[in-house]
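Copied from Swiss-Prot, the annotated features are:
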type: COMPBIAS; residues: 358-371; note: compositional bias 'Basic and acidic residues'
type: COMPBIAS; residues: 414-427; note: compositional bias 'Polar residues'
type: COMPBIAS; residues: 431-442; note: compositional bias 'Basic residues'
type: REGION; residues: 350-371; note: region 'Disordered'
type: REGION; residues: 390-442; note: region 'Disordered'
type: TOPO_DOM; residues: 1-108; note: topological domain 'Lumenal'
type: TOPO_DOM; residues: 130-183; note: topological domain 'Stromal'
type: TOPO_DOM; residues: 205-296; note: topological domain 'Lumenal'
type: TOPO_DOM; residues: 318-442; note: topological domain 'Stromal'
type: TRANSMEM; residues: 109-129; note: transmembrane segment
type: TRANSMEM; residues: 184-204; note: transmembrane segment
type: TRANSMEM; residues: 297-317; note: transmembrane segment
Amino acid sequence: MAKTLISSPSFLGTPLPSLHRTFSPNRTRLFTKVQFSFHQLPPIQSVSHSVDLSGIFARAEGLLYTLADATVAADAAASTDVAAQKNGGWFGFISDGMEFVLKVLKDGLSSVHVPYSYGFAIILLTVIVKAATLPLTKQQVESTLAMQNLQPKIKAIQERYAGNQERIQLETSRLYTQAGVNPLAGCLPTLATIPVWIGLYQALSNVANEGLLTEGFLWIPSLGGPTSIAARQSGSGISWLFPFVDGHPLLGWYDTAAYLVLPVLLIVSQYVSMEIMKPPQTNDPNQKNTLLIFKFLPLMIGYFSLSVPSGLTIYWFTNNVLSTAQQVWLRKLGGAKPAVNENAGGIITAGQAKRSASKPEKGGERFRQLKEEEKKKKLIKALPVEEVQPLASASASNDGSDVENNKEQEVTEESNTSKVSQEVQSFSRERRSKRSKRKPVA
């Protein structure tokens, strides 16, 4: 019977109880027996009531994670299953499905003798998920581009109705309605893809916690490294890098440099993506503040990648490269078809949105109407009385139909009709007077 003593830090001023792990070579399972010895603890009645129980539980939990890591490292030959805590929460079913697909891809690549099967399975799964969410990404980019193309119109409305927020909101809403743009359409696809990526992240975390990411990938010593379960749970995920031990990192210079290459590539890819997709420079102070924050965002992501398994960093790097390629295709190469073009062609000018429902009047229409009326007048003057009456009645009927179709021209048409009738009457009186003056021919 072999026993391994694991030392622990002081606990409430006294050492923690002795912990012994027993292993029987004749058994295939691994047992952990904890022996408590209270001979070093003070009497119970002398313990103060202000003991920090939360601190006790936190240290005990950290100790259990340390024991889990020590058990795996002490006896690698005994392939025991480490019980990982799979707390998927609301996205547990998504993470379980992603984990199943990842294992299927890994087994499929291993069956065809592909080296680094787990690393390539992570890359392949990221590509599949990215391709599946491409329609949502395309919809989000199209909505974003349409909103950007409408910004000049929106600014014109704000300048025209400065100080009247209610009118600005009304005109802006009408502008969105006419352009067929929904301001919230750009957010919905992004919100729909968030559970997918959270599930994929949790699936990779579960695989790492289960100890399945033990194989390397290209120059990376292990996809599960460089951190450990205990370091991640205690919040000291970069303890493998700092502090130095005897003047060198804990893992040695070679492995440490190998693990640092991928976070550096991740940071570089983030900056390249930001430079490619950088919006045009403006004098807007809000945009300048946003760009300033984005400059430090890749550094934060790179720092966070130091405290997670390398398998997750591979997923982040692959996802970032694919996202950049998608954005270039959608924005630069014409893959996205926004509802509003770059010049906002066909959209009304600021302050005229209230006329969008009415049909615009054709240019020169009123001039043509006046010319037709003038021709009618000349024709009536040139015709005899017998032909004037039916023409006048026809013109009156036409004028009446026009009045019914267009209320705005009612007064004009009635006045024109009255003028025509007066001219006809005067013309007929003149003809009668001339006939009466004629003498009969002998």
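Cβ atoms here come from the backbone N, Cα and C positions, even for glycine.
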Residue distribution over DSSP helix, strand and coil in the topological domain 'Stromal' (130-183): 46 helix, 0 strand, 8 coil
PLDDT averaged over every residue in the topological domain 'Stromal' (130-183): 82
Tertiary contacts of the transmembrane segment (109-129) (same chain, 6+ residues out, Cβ under 8 Å): 98, 101-102, 196-197, 200, 204, 212-213, 215-218, 220, 223, 311, 314-315, 318-319, 322
